[in-house]
Each structure stands twice: as structure tokens, then as C-alpha cells.
Amino acid sequence: MSVEDGGVPGLGRPRQARWTLMLLLSTAMYGAHAPLLALCHVDGRVPFRPSSAVLLTELTKLLLCALSLLVGWQAWPQGTPPWRQAAPFALSALLYGANNNLVIYLQRYMDPSTYQVLSNLKIGSTALFYCLCLRHRLSARQGLALLLLMAAGACYAAGGLQDPGTTLPGPRSAAATSPMPLHITPLGLLLLILYCLISGLSSVYTELLLKRQRLPLALQNLFLYTFGVLLNLGLHAGGGPGPGLLEGFSGWAALVVLSQALNGLLMSAVMKHGSSITRLFVVSCSLVVNAVLSAALLRLQLTAAFFLATLLIGLAVRLYYGSR
């Protein structure tokens, strides 16, 4: 398996096993995010500001990176730290910040189900930028695998979970009594396309930075998350009146922040030593974890669409990473 395919060539079995474990952990953390957020709800809503959770997640990642360098888990570069190499990470932080805010803004112009289905177009945009920016060519077999991955995400979003109290497909809360009609405005479609393009560009651009700079990953992450904290601090402060930074936080909310911080660090390792395509497969495979946890913790029912999506994901993994 090559770097372009998402693997790490030349690893012995112990290191390959650690790489596999890292991917499995990241998949589990991605999949657990939505169920954990649901467990945070009080009276049917999240009791804290979303911007607080994002800011605290970025701050946690920053502190973990600093700790890694301070205790020597990763070696500090010889000589003067190359601070000038930090500047390009400002664009990464800006792209990620724009995408995080677009996700919230998009909900005004379409229903959640339409967003979940169409947002899978970011798989195609990531593959496009991956080929253009990193100059890698995907075979017809790999292209078909990514198309199956997009189809799996759309299939799952369209009806992978069902509230047992309703006959309506799709992931809904127990409090939902009447569905929002399917709709999308022309402006919403344009913004969704922009979201998918930014999502693909941010992932591939960050991968390019991580691989081109000969710096410890912890130091590169320190650059990235410093800009991320500053950006999200500004967004939080400019978000108007609302709950305080830690107001409404519970043990479940702290677990959400910690898991997302650890997952961000794992994903940076995946993009430095693997590829953005590997990240796509991790995110897609996390749908299975999400569904199983939602069924176990939130008592939602798995539907035929979930099993079809799981089959499509399995086929996509086999096509992309299987022997040629």
C-alpha cells in the first residue's frame, strides 16, 4: 500500500498495527461525535454555545501539542524554531473556520436531510483537489470506489436511522413530531457547492503543508491550532450575547471536546503520513459507528438504508485498497 493510497510503506508489523489502531480510533471518535452531542441535550437542546465547544476543542489541541514538545514526545527542531513557516497555516485555520461556520449558515437555506445528502459532494471535491494540487492520478477503480463512497453517504443520510416513534426515515430526535419538508434554495445550493470546495481545498492544502515542511508534526500542529484558537476566539467574542464559555458544560460535553481534540491530532497524523483520501474513508466508515451507537444509546432503529450504505462502504474500501 502506497502513501497515495493512504498507507505507510516500509512499516514493520508492529508499526503497521499501530497505524491500523490509529485509524480505528479515529473512526470510532468520528462516529461517536453526534451521539455524544445528543447526550448533552437538556430539554431538547444543547445547553452551551457551539462556538464555546469549538474554541475549547482548538485550545485542547494546542495544549496537547505544546505538552508533546515540552516533555519530549516529539523532538524540537535544531537551532532557532522556524517561525516563518507558521504563516501558511493561517490559511488552513481560515479555511477550516469558514467551513465550520458555513455548516451552521447552510441550515437556513435547506433542510438537514438535503444537507446531509448533498454534502457528500465534498468527497468528489477532495479527490479533485488531491489530483490537482498533489499531482496524483486516481485509477478508474479508485474513482469508482470514491463514487461508491459518495453513494453510501447519501444513502445513509436519506434513511439510515429511524425514530421508532415515527414512520419517517432518517436520523431524527424523539421530540420530532412533524418533519421539515425537503427544500433547498438557489442561494443554498451555491453555498453548499462553496462548502464542498472549501472542505476539499482545506484538507488537501493542509496535507500539502504537513508533507512539504520538514518539521515535527507537533510543531506544525502548534502553528495550525494557534491560528485556530485566535480565529475561533474572535468568532466567539463576536457572536453576541449568550451563555458564558463554560456555561452549560457537563461531563458529556467535556468528553465531546476531548474526543474531538484527540481526533483532530489523529487526523493530522493521517494526512502527514497517509493522505486526504484516507481521511475520507475514515469519515465514511464512521457512519457505521454512528448508527450503531445511535441505536444503542438513543434507541433509534437501523433501516435497510443503513445496511445498504454499509455494503457500499465495504465495497469502496475493497476497490480502493484491495489488490490490483
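Backbone N, Cα and C atoms are what each Cβ position is placed from, and that goes for glycine too.
All TrEMBL annotations are machine predictions without curation.
Quick caveat, the model's predicted, so the values are computed rather than measured.
Sequence annotations record features per position, and here TrEMBL assigns transmembrane segment to 20-42 (among others).
Taken from TrEMBL, the feature transmembrane segment covers 54-76 (among others).
Per TrEMBL, the feature transmembrane segment maps to 88-106 (among others).
Annotated transmembrane segment per TrEMBL: 144-162 (among others), in sequence order.
Positions annotated as transmembrane segment by TrEMBL: 182-205 (among others).
The list of residues near the transmembrane segment (217-237) in space but at least 6 beyond its ends in sequence, with Cβ under 8 angstroms from a Cβ of it, reads 49, 51-52, 54-55, 58-59, 61-62, 65-66, 68-69, 73-74, 76-77, 81, 85-86, 89-90, 92-94, 96-97, 101, 206, 209-210, 245, 265, 268-269, 272. Annotation source TrEMBL lists transmembrane segment at 217-237 (among others).
Per TrEMBL, transmembrane segment is recorded for 249-268 (among others).
Per TrEMBL, transmembrane segment is recorded for 280-298 (among others). Residues 6, 23, 26-35, 38-39, 123, 126-127, 146, 149, 152-153, 156, 160-161, 171, 174, 267, 270, 306, 309-310, 313, 316-317, 320 of the same chain lie 6+ residues outside the transmembrane segment (280-298) yet bring a C-beta within less than 8 angstroms of a C-beta in it.
Taken from TrEMBL, the feature transmembrane segment covers 304-321 (among others).
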Open item on the list: Against the transmembrane segment (249-268), which of these stretches has the most C-beta pairs under 8 Å: 20-42, 88-106, 144-162, 182-205, 304-321?
Closed with: 20-42
Task: For the transmembrane segment (88-106), distant same-chain residues with Cβ under 8 A (at least six beyond the ends) - done: 50, 54, 115, 188, 191-192, 194-195, 198-199, 201-202, 205-206, 209, 220, 223-228, 230-232, 235
